[in-house]
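Notes follow once the structure below has been shown.
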């Protein structure tokens, strides 16, 4: 059993042990009973505290609340509980160094300072949480890669401390290197070693991609360890449960200031009133009636439904100059055609002299650009279509209709009209953005295609999003309880959606029709275009089986 790889047989035995209620303890470790567990009602919790998946564990003292319990996020097995108890009791003499496989203190030991910090924290947690992540997948070729569970929401930030804990078997002294570790680290297992610890400075790679890749080189040897020796060293045997002990990743998130409860009562201090800011004051009315009316329309329609007013965001031209920009020749009809083909936001900045003087220059002189008749007609047609669709949307403020009528009067948009053609383009882009936003506010509840077309505009273009699926409702599935299934969400709009190499000409034509204002019974929607399988361990007919289920994880998205 020592030389067997970590296959589905070992996973089945582990699941069977959990199913039968066996206790996964090493023979030399002290048994941990229920006296180390503390329930929520044993402590004073502040009112309104979130009900989070916390486990309160007391490593020392009794369980009546006299000692500070540990707030653990994740499943804390007997292995991790015994490890934390050993760190708490350690005084870092020669015996403790041998217990944790630490080499001579004269060598560079990245894990020893981290172990000391963890021990100091265990003696005074101060309400800080400890996140425990268990191994989810391991690959041995070409190098050992350990992929762990993804931390819960809010626990994926840069931690204050990250330790990879191994429960080793027999093996030589090794030097471990790889990305994610703060330099080379030495491990010196001996007969008295119960744990091996590696300090991790970039733990996010442990649950992304293939996981945390490790390169183990025996000290004093040129050859690398074989797979069998690696398995024996990294996955020690649990002789009681006839299985191997898998590593764990311990994260200590950075502490955040929080109010302290006092016997169920919470002292609160009101926030100071906001100070008046010059940036939030109303700007003086513009001397240009078109720009002034357009500003009033955008402000009227951009107010969120849940608030009566919203602060105005001041744009800093100097800061905007630092963003990636694309040069567009507004005198070129071909460039304007590209702008008309998409609904991406458009920002035009007036010259400083035009913005401060009382008589600003027009945005563009229609006689100085070779405007084609067909292009001007298209701008006028799309402008009228966008205005008509915006008027038909439900729930618009009463001021929308007169403001829109005034803008159309100030901006005829025709080739022979008195208005500036660039004003027509600016008004069209503004109406397109407002139309997309108000589509998402339709109380009639849009379907999937409608959600993809407008209701998810705040999410950006169609892309792969993280989605965790809970399998505990499926009683036949034992492992995993939850997994990352992913989902596709976002806007299907031209030209963003052609970034996926799997897009087809059919959806491109539909997107262009949608941009031109054509009514589609089913607009293009954001859906998965590629999937990956997942290994599931299930119980069927009183037997435990492991099988690979296809199409369980969405890996790519596109518009269809």
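Glycine too: its Cβ is placed from the backbone N, Cα and C atoms.
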From 259-287, 288-316, 317-345, the residue range that Swiss-Prot assigns the feature region 'Disordered': 259-287
Residue among the disulfide-bonded residues 492, 559 whose Cβ has the most other Cβ atoms within 10 Å: 559
Sparsest-packed of the listed disulfide-bonded residues (488, 557) - C-beta count within 10 angstroms: 488
Neighbour tally for residue 462 (disulfide bond), based on other Cβ positions within 10 Å of its Cβ: 28
Rounded distance in angstrom between the Cα atoms of residue 557 (disulfide bond) and residue 462 (disulfide bond): 7
Rounded Cα-Cα span from residue 526 (disulfide bond) to residue 492 (disulfide bond), Å: 6
